[in-house]
Amino acid sequence: MKLDPSFIWTAFVGLLPAIPTTLILTLVSVTCGFVIGTGTALARMYRIPVLAQIASGYVTFIRGTPMLVHLLLIYFSLPLLIDALSAQFDLGWNSAKVPMIAFAFVSFSITAGAYMSEVVRSGLMAIDRGQMEAALSVGMTVPQAIRRIVFPQAVAAALPNLTNSVIGMLHGSTLAFTVSVVDLNAKAQIVASTNWKYFEAYLAAAIIFWGLTIAIERIAAAIERRISLYSRGGVA
């Protein structure tokens, strides 16, 4: 087998149409995961009865099982639930109408939520308790203090770990091909299968993932610099 440098470029161009799918998978899972993770972290931090126990169980289970297993569990169980609800309420709608990418959205969001929960919780724990007490002393309610004072500082403190989580989900999105979603990984396999040049195709995919990762790191660094300006009293 000989390396075909020209096919690396051919594969690179062929993979470009799959980038939006990979980015959408990452963006949706990270956004939904951040919402889930924030709620879970707050429930655990403030020990809300029942919710704190459910949140702890959820985080422990998801972090203790592989991402691929989550995807397969959702892929095989969600259609059963959809069909059962459709039959129960005579909705005239079934799981066959659900696009495959929707299963990936649900699974990846659940996975991201558990990991984001730990990231947000570490950020919350980094904030001095005096911040909350000061906010309450000027008449804010607990939800207001969390939203206006504590949470923005927690996100700033957790930004490096949040960035790592986003990159992790970008790389984890390659599992979507197992449920027939044509992301970068699946597209590389399709491109390679035309003439059995798998090394070149996957090398092109690796270069694209590398570029996307660098872009995420640069964006995060810019956000971090902007936050630093505000924290030092600078002008944006």
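Any Cβ shown, glycine's included, is placed from N, Cα and C.
Record features, source TrEMBL:
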TRANSMEM  6-36  transmembrane segment
DOMAIN    19-220  domain 'ABC transmembrane type-1'
TRANSMEM  68-86  transmembrane segment
TRANSMEM  98-116  transmembrane segment
TRANSMEM  201-223  transmembrane segment
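Here the transmembrane segment (98-116) sits apart from the transmembrane segment (201-223); fewer than 3 CB pairs are under 8 Å, leaving out pairs fewer than 6 apart in sequence. Tertiary proximity for the transmembrane segment (68-86) is limited to same-chain residues at least six positions away from its ends with a CB under 8 Å from its CB atoms, namely 62, 92-95, 98, 103-104, 106-108, 110-111, 175-176, 178-179. Counting only same-chain residues 6+ beyond the ends of the transmembrane segment (201-223), those with a CB under 8 A from a CB of the stretch are 7-9, 11-12, 14-16, 19, 22-23, 159-160, 162-163, 166-167, 170-171, 184-185, 187-189, 191-192.
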